[in-house]
Each structure stands twice: as C-alpha cells, then as structure tokens.
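Visitor: Take a look at what TrEMBL says about it:
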BINDING   Gly27, Arg30, Arg111, Asp154, Arg157, Arg160, Arg163  CTP binding site
BINDING   Gly27, Arg30, Arg111, Asp154, Arg157, Arg160, Arg163  ATP binding site
BINDING   Asp40, Asp42  Mg(2+) binding site
DOMAIN    22-141  domain 'Poly A polymerase head'
DOMAIN    169-228  domain 'tRNA nucleotidyltransferase/poly(A) polymerase RNA and SrmB- binding'
DOMAIN    246-392  domain 'CCA-adding enzyme C-terminal'
Amino acid sequence: MQQPFLKAVPILEMIEEKGFEAYFVGGSVRDFLLGREIADVDIATSALPGELKTIFPHTADIGIQHGTILVIFNGTPYEITTFRTESGYTDYRRPDTVEFVRSLTEDLQRRDFTMNAIAMDKAGRLIDPFHGQSAISKKEIVTVGPPEERFGEDALRIMRAVRFVGQLGFVIEPGTLAAISKLAPLLDNIAVERKLAEFEKLISGTYRSEALALMGETGISNWLPGLDGQESKLLKLAGCRLGHLSTEEMWVLLTHVLELDVKTAEPFLRKWKLPGKKIRVCLKVLHWLHYRLNNSWTPQMAYLSGKANMLSAEKVYNTLSGSGPAPMEDLEEMFEQLPIKERAELSVAGKDLIEWFGKGPGPWIKDVLNETEEAVVAGRIANKKADIREWLVQCKQNLGKD
Ligand SMILES: Nc1ccn([C@@H]2O[C@H](COP(=O)(O)OP(=O)(O)OP(=O)(O)O)[C@@H](O)[C@H]2O)c(=O)n1
Ligand SMILES: [Mg+2]
C-alpha cells in the first residue's frame, strides 16, 4: 500500500473498533491501481456522521446533509462519507433525498464509473462488485449500471467521463458513449464552477487532444460557456501538439483558436468564472501571442512583455505553427541580457526629474520616464543616474523653461 493510505489506516481501524465498516474508495483506489500519484484519500463508512463525531475529536461539517464530514487526523484532513444511496434527482445535479445505508455494495452502486466504484480495506484487499479492475485493465470508462440513470442523477458525470479520457487516455464504452451524446444537454443544469473544475482537469491531462475532440464529437461543448457551435474549432485544437503547454497556456490557445482578441476573450474567460488573476495573465499572454504572430521578439518587446509572458506566448506560438516544443534558451538569453528587467530597476525616479528640471509634478514625469526607460532598454544610455541626467539635460532643454 502507498504512503497516503498507510497514514490513514489508523482511521479505518478506529472506526472498525467501534463496530462499523470503513474502506478507502473513489479516485484514490483507482489511481493506486493505475500506479498514478494519489491526490487525496477518500473514505466511506457504515458509521453515521453523528457516530463519526464521537470517534474523532477534530471534525468539520462540509457536506453533512450528504453524509460527508471532514476529519482532521494527525494534521491531515480526510473526507469521510457515510454509505448512502441517492434518489429523486429532479434537477439533474443533486439528489432530492440522501438515504444512509449500512451496505458497502449499495454505496458503490450509486457511484459513476466502475473504475471509481472499487473499495479497499485496511489490509489492501479489494472489494470490486462491479468489475472496476477489469475496466481498468481494458482502459475502459463504463458506468455502474444503466448509463442514462447515472448521468440523469448528476449530469456533471457526462463531463467527468471525458475528463477521465483526457487524464487517463481510456476509451468510453460504446453504451456509455451513446448516452453521453444523447444526454449532453443535461449539462445545462450544472453550475459553471463544477464544469470549470472538470474542464481544467481535462485540458491539463496527458490525453487532452483526444478529450477535446471527443467534447466536440459528443456535443458536450455545446453546453459549455462560449463553446456552443464551436466543434470544428475544437477539432482544430485537438490536432495541435499540446504536450508542453500549461493550463493557462491552454486557455490562451483556446481563446485564440476561437478567434477571440484581448477584448472579446475577457468576457469569455469571465463566463467560465476563472479567477481574476488568471484572466489577467491569460489576456497578457494572448496580447503577446498576437504580437508574435506577426513579429519576432526584440529586446524592447521582451522587456515590455516580461519573461514569463514572453515564454508562454512563444510556447503557444510554437504550438500553432506546428513546431511543438522548441528550445527557449535564446529568448531567455535575450531577456537576461537586458540592462534592466523592470521599471523598478531604472536608476532614476520622478523625484529626481523634479529636482533636475525644477518643475512640479505632472504628466510630463511619466513621459520622460517612459522615454528614459526605452533608451536604457535599447542600450542608448547606461542605467546610471549621472549619465541619465546628462542625457536628459541635453535632449530635454526646453523642459525646464515653461
Ligand atoms: N459526480 C460524481 C462525483 C463523484 N462520484 C464518486 O465519488 C468519488 C470521489 O469523487 P471526486 O473526488 O470528485 O472524483 P475522483 O474520481 O476521486 O477524481 P479525482 O482524482 O480527480 O479526485 C468518485 O471516484 C466516484 O466514486 C460520483 O459517483 N459522481
Ligand atoms: Mg477524489
């Protein structure tokens, strides 16, 4: 067993000591069987939330109405969920009622895919009534029971299937795939925040090209923010060599392929509810990508863009031009050679100008600083106070006069 499980074994033991059952479940067991790194260990138990609270002193109610509480054990938080069934999904996203049950099999039966419906006990023995291990060995995504029921219960599962294609490179079993195409419109009922979490996992996955193509082919994209009717553009994206791009660079590539500019990309990214900071970075990189599409980098542009934005824009540009991953050493070297890397490194400031020219504060300061900065970056003048002063006094003689 791997370390994250071993650390949590005492939790299972403490629950079992009180006469209840407890197992590792969900993505951690799946990823363990796949030899992937385990994110967080989820635990399912026959104990009710109230019963768990008597066993563990440090808990938080994070979804108690659905039977989930957070247990802090040795400083690590664990989500522990009471075995449950769900029924009456009138809104396609959350059950009208949650019924706690005492049987593990019933709990596993309400889960989305067979690979996610495997339990593991404290000794590492697997309980796999729906043949999840066989699906994993066949690299197959298949629902537990009838796909239309599972997707009707929570339409986000439609996206989860394609997200797992992107992460794991599995194929979707034909019956499950047919239900996805048929029920994709149910995604309309799902909150953007949940769609975003799945989409970001998808575009970060090793097999994202396949998953993006599948999103277009199944019609899922028609129910995602700003992607309605854009299947052909998604397919174009799927044909690119994406191996080296970060999640943010993927967003930039996506906005470009959708033919958005900096102005129209902003509402698109807002619709997806990306955090403001991420949006600002994406828009900057998109701006520099558009510069790069028609120009080469110069020291001036390297300075104005900043190193990170320049390298990101270049990576996206290489993807679009078909060259794929390319060495960045030359560009990094160009940046490193710059006399200054940012405005703060300029050896003069507004107060120096006021003193030298005997003139009060005003917009002229910004203009003169911009000009000075440009001259320093271009190497026309050294970044030394005395040199700059001499240069400015010579070429700005008229400034002190008005
Ligand atoms: N819409 C959903 C979400 C989750 N699950 C079940 O709850 C488990 C845990 O859910 P979550 O952590 O959201 O997903 P994981 O499958 O664990 O994937 P990840 O590794 O990304 O966390 C899943 O494995 C699955 O058994 C489900 O049946 N239906
Ligand atoms: Mg998980």
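Numbers here mean position along the shown chain, with the first residue as 1.
Using the three backbone atoms N, Cα and C, a Cβ is placed for every residue, glycine included.
Surface or core, plus neighbours and distances: that's what I need for these features.
Guide: DSSP assigns Arg157 (CTP binding site) to a helix in the three-state reduction. For Arg157 (CTP binding site), the count of additional Cβ atoms within 10 Å of its Cβ stands at 26 [all protein chains shown].
Taking Cβ-Cβ distances under 8 Å and a sequence separation of 6 or more, the neighbours of Gly27 (CTP binding site) in its chain are Ala39, Asp40, Asp42, Asn116.
Across the domain 'Poly A polymerase head' (22-141), DSSP assigns 32 helix, 41 strand, 47 coil.
Residues belonging to the domain 'tRNA nucleotidyltransferase/poly(A) polymerase RNA and SrmB- binding' (169-228) score a mean pLDDT of 96 in the model.
Taken residue by residue, the domain 'CCA-adding enzyme C-terminal' (246-392) breaks down under DSSP into 103 helix, 0 strand, 44 coil.
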Visitor: Is any of Gly27, Asp154, Arg157, Arg160, Arg163 (binding-site residues) within Cβ reach of ligand 2, i.e. under 6 A, and which?
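Guide: The binding-site residues passing the 6 Å Cβ test are Gly27.
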Visitor: Quick one: among the binding-site residues Asp40, Asp42, Asp154, which has the most Cβ atoms sitting within 10 Å of its own Cβ?
Guide: Asp154
